[in-house]
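Straight out of TrEMBL:
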- 37-445: domain 'Major facilitator superfamily (MFS) profile' (DOMAIN)
- 38-57: transmembrane segment (TRANSMEM)
- 77-97: transmembrane segment (TRANSMEM)
- 104-120: transmembrane segment (TRANSMEM)
- 126-148: transmembrane segment (TRANSMEM)
- 160-183: transmembrane segment (TRANSMEM)
- 189-210: transmembrane segment (TRANSMEM)
- 246-263: transmembrane segment (TRANSMEM)
- 283-306: transmembrane segment (TRANSMEM)
- 313-331: transmembrane segment (TRANSMEM)
- 337-359: transmembrane segment (TRANSMEM)
- 380-397: transmembrane segment (TRANSMEM)
- 417-440: transmembrane segment (TRANSMEM)
- 457-482: region 'Disordered' (REGION)
Amino acid sequence: MRVYFALHRALSLQHICSKRLRRELHLVAPQGIGSPSVYHAVIVIFLEFFAWGLLTAPTLVVLHETFPKHTFLMNGLIQGVKGLLSFLSAPLIGALSDVWGRKSFLLLTVFFTCAPIPLMKISPWWYFAVISVSGVFAVTFSVVFAYVADITQEHERSMAYGLVSATFAASLVTSPAIGAYLGRVYGDSLVVVLATAIALLDICFILVAVPESLPEKMRPASWGAPISWEQADPFASLKKVGQDSVVLLICITVFLSYLPEAGQYSSFFLYLRQIMGFSSESVAAFIAVLGILSIIAQTIVLSLLMRSIGNKNTILLGLGFQILQLAWYGFGSESWMMWAAGAVAAMSSITFPAVSALVSRTADADQQGVVQGMITGIRGLCNGLGPALYGFIFYIFHVELNELPMPESPPGSSNSIIPGPPFLFGACSVLLALLVALFIPEHTNLSVRSSNWKKHCGSHSHPHSPQAPGEAKEPLLQDTNV
């Protein structure tokens, strides 16, 4: 008995000393500027994607010069490997950030995501190789959304997430045009130097100005707290998909609609530049207009539609716009067709916010994280499969780039009868998603389904992070490949 009490006392002292040491280090470490806020997260996202937006035009040129034979195929493989690595690593990084805090992982993800930038002019081969491998840490959005969830109340999070997403779009409105202009006037080397400087500014901002958001009480007593495989398993959320019929229909809809979207993001600007004959300035202007229209669609238009026609009908309308957009991209052979389809694409961006809203209504309050995690896992898987699939379809249909098109070359000059075969495949995939979405009920009985969810998912809660009753644990979202 004495041995038992002595051991119990020793463990209690070790627990107290560990917490005291962490508290002292927490006071010594730099705390950033002010208290944690959404604006810290917004600045981090803006600087990172503004730096990458500057490289839009130079990347298209370097990609074709490095892989002149199979440009689309190699682009798909590079982005596909990056997406799959992000899908595999996101749960582990999210679980570790629950233990060690958000700030250190913001620093880690931004540093490794931006690490390939200076390599563009040093060694293009290493540039694309490091881009692929950087997918392991290319989950800045995951940590940013967790940061936002730490510092906002549940009723404030949708607005905060919207602000972060709008900032991401805003960073891509101006940066490609600025990069294209500077590259044409001063050369691409200056653009690479500027993008590197902005990435370093982002890292310095995190080090100096960003305070830690994870409350001390939410962290475990020891830095060496174990991480279970259930938390780090990227397929854990996918295994639960079939446990509820409504969630299964939503997940199938997300997979069939986001698979072509992920592939489109990885190759469309290259397609505009090399196949449709867009200049670098035209590509930058296209991105800017698409970004502005998407912001309007996801704020004003989405709000009006949700109030007027309901959640499910908004999803169906968004999927309809996506089918029209992809079909127009696939058959379009003139520049004005691409611009018109781009406007339709902005309207199709209402689909995923509407799906997220439907998911939040479908699941019980204490199962939000589980259900949203399933959607997140499926989107992450599509980020890996979509780019590789699009590149392979371009390769099968012999849409190759033998040389950079001159400004006077006619648009749509490829060896394929159909200018954009992958986009037509995407339209068929989204059509299937629309048919599946028709069977999603508009209203569900949460009280009946709650017990089933808790029975299947109640054992998967985070062992280290206590959660207030009725407060949902927010998911860690994947980065897109825009």
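Just so you know, the numbers here start at 1 and follow the chain as drawn.
Each Cβ is built from the backbone N, Cα and C atoms, and glycine gets one as well.
Curation does not apply to TrEMBL; its annotations are automatic.
Model, not experiment: these values are computed from the prediction.
What's the neighbourhood like for each of these?
In the predicted model, residues of the domain 'Major facilitator superfamily (MFS) profile' (37-445) average a pLDDT of 79.
Proximity of distant same-chain residues to the transmembrane segment (189-210), defined by a Cβ-Cβ separation under 8 Å and at least 6 residues beyond the stretch ends, is recorded for 30, 32-33, 36, 40, 43-44, 47-48, 50-52, 54-55, 57-58, 103, 106-107, 110-111, 114, 117-118, 120-121, 179, 182-183.
Within its own chain, the transmembrane segment (246-263) has Cβ neighbours under 8 Å at 76, 83, 315, 319, 322, 326, 351-352, 355, 358-359, 362-363, 371, 374-375, 378-379, 381-383, 385-387, 389-390, 422-423, 425-427, 429-430, 432-433, 436-437, 439-441, 444, 449, 480-481, counting only residues six or more beyond its boundaries.
Here the transmembrane segment (313-331) has Cβ contacts under 8 Å with residues 253, 257, 260-261, 264, 268, 302, 305-306, 337-338, 340-342, 344-345, 347-351, 354-355, 358, 418-424, 426-427, 430-431, 433-434, 437-438, 440 of the same chain, all six or more residues outside its ends.
Below 8 angstroms of C-beta separation, residues 158, 162, 247, 250, 253-254, 257-258, 272, 276, 278, 286, 289-290, 293-294, 296-298, 301-302, 305-306, 311-312, 314-315, 317-319, 321-322, 324-325, 328-329, 331, 371-372, 375, 440 of the same chain, each at least six residues beyond the ends of the transmembrane segment (337-359), sit close to that stretch.
Same-chain neighbours of the transmembrane segment (380-397): 70, 72-87, 90, 234, 238, 255, 258-267, 416, 418, 421-422, 425, 478-481, counting only residues six or more beyond its ends whose CB sits under 8 Å from a CB of the stretch.
Beyond its flanks by at least six residues, the transmembrane segment (417-440) meets 246, 249-250, 252-257, 259-261, 263-264, 267, 271, 275-276, 312, 315-316, 319-320, 322-323, 326-327, 329-333, 358, 389-390, 393-394, 396-397, 399 of its own chain at Cβ-Cβ distances under 8 Å.
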Under an 8 Å Cβ to Cβ limit, what residues of the same chain, 6 or more beyond the ends of the transmembrane segment (104-120), are close to it?
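For the transmembrane segment (104-120), the nonlocal Cβ contacts are 44, 48, 51-52, 55, 58-59, 62, 93, 96-97, 126-128, 130-131, 134, 136-140, 142-144, 147, 188, 192, 195-196, 199, 202-203, 206-207, 210.
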